[in-house]
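What Swiss-Prot says about this one:
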- Gly160, Gly162, Lys163, Thr164: ATP binding site (BINDING)
- 1-85: region 'Domain I, interacts with DnaA modulators' (REGION)
- 85-115: region 'Domain II' (REGION)
- 116-332: region 'Domain III, AAA+ region' (REGION)
- 333-452: region 'Domain IV, binds dsDNA' (REGION)
Amino acid sequence: MSTTAWQKCLGLLQDEFSAQQFNTWLRPLQAYMDEQRLILLAPNRFVVDWVRKHFFSRIEELIKQFSGDDIKAISIEVGSKPVEAVDTPAETIVTSSSTAPLKSAPKKAVDYKSSHLNKKFVFDSFVEGNSNQLARAASMQVAERPGDAYNPLFIYGGVGLGKTHLMHAIGNSILKNNPEAKVLYLHSERFVADMVKALQTNSINEFKRFYRSLNALLIDDIQFFAGKDRSQEEFFHTFNALLEGQQQIILTSDRYPKEIEGMEERLKSRFGWGLTVAVEPPELETRVAILISKAEQSNIELPYEVAFFIAKRIRSNVRELEGALRRVIANAHFTGKPITIEFVHEALRDLLALQDKLVTIENIQKTVAEYYKVKVADLLSKRRSRSIARPRQMAMALSKELTNHSLPEIGDHFGGKDHTTVIHACRKVKELIQDDSDFAEDYKNLMRILSS
């Protein structure tokens, strides 16, 4: 029996949940039929438990809707479908004891000694919230059981949300538990630079031996490998060697692995072998906690109402939040004035003005209305003519894409529409982008306008 019902179920779940939730928990699931039982396969126990707790009842409901009596039972367990054998022959690394003639000595050996870890980035200084709870929990599991818990661990999310902090925290924890461990943190561009240097100095075997001898390899911004075929080839073999030796790999990216254009499919597939978790923009309470925690680290007493004021106005990411706090502390230090809401408003005048221009549902509605030459009131109305329905659907889809609002909240902003109306709008926009080149161009133009 086919798994068509599961594919239909996935299509609806993708519309109902955020991209981060869908990509982290639902997209990695594989399905197969055993007589009249649908079996979902998850990459590890962590995913199994989370799906059971948060998504399973909805999955059962949708499967019953799409399959009728064809599927009698649904279960989820750890496992994976068989994967094709690697089609790349194993590499032979020439060692110093080889009978092959020695190459000329490198002009200058690459410095591999430092772990490049920032000792300030530890789990204790990472403020936990709903937006990063899962990523932090998974990171702590990896730190406690490197090479065993989730391998590789792939953390993705926007700029300044704490991915690098978690990566350093894992590395520091591994070294604390085992000072003899060989741990290396680096940006993906450093890996490329090391490889190029090794090629230039005829020391590629030394490069391979070093990277494949690590106990933990932590690579930041893996998306920069995109389009670099030789680097991807070398990393592919390094990845395989480390996993075969049960050594830990931790990767970060600004997007879900399957969405990294220019990355080989075999690499993207391997990125999903362990656990993929998202770090989302922090909610208000977490932003307040971050500000108070950072102020305490600087021996500054930050009034709660001031922290709340800053957190409410600066919503994009942790990095900008910390930057704003540093500016406030510096201004207070140089002027000798107490930190009050009025003082903060003056110290952050330009930054707050910029934040006020960030995308909101109201901004989206206004921009879409102007683009299509209709009134905002039309978008909020119940009118169903195509000239109004299309812009309304576009505005709803853009609101889901560009804001952190839930589907019910988006519906409320459009004249109290039901969340199912928003789901339908998002699905319709996705179809039109594929089938209508003019509509697709409109979507690109509006995304560019709203993102600039």
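Positions of Cβ are set from backbone N, Cα and C atoms, glycine also.
Here the features listed in Swiss-Prot are painted onto the structure.
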{"residue": "Gly160", "record": "ATP binding site", "Cβ contacts under 8 Å, 6 or more apart": "Ser316, Asn317, Val318, Arg319, Glu320"}
{"residue": "Gly162", "record": "ATP binding site", "Cβ contacts under 8 Å, 6 or more apart": "Phe126, Asn132, Ala135, Val279, Val318"}
{"residue": "Lys163", "record": "ATP binding site", "Cβ contacts under 8 Å, 6 or more apart": "Ala135, Ile155, Tyr156, Gly157, Asp220, Thr252, Val279"}
{"residue": "Thr164", "record": "ATP binding site", "Cβ contacts under 8 Å, 6 or more apart": "Phe121, Asp220, Thr252"}
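A helical conformation is recorded for Lys163 (ATP binding site) in the three-state DSSP classification. The average per-residue pLDDT of the prediction over the region 'Domain I, interacts with DnaA modulators' (1-85) is 82, rounded to a whole number. Look at the region 'Domain I, interacts with DnaA modulators' (1-85): DSSP puts its residues at 43 helix, 17 strand, 25 coil.
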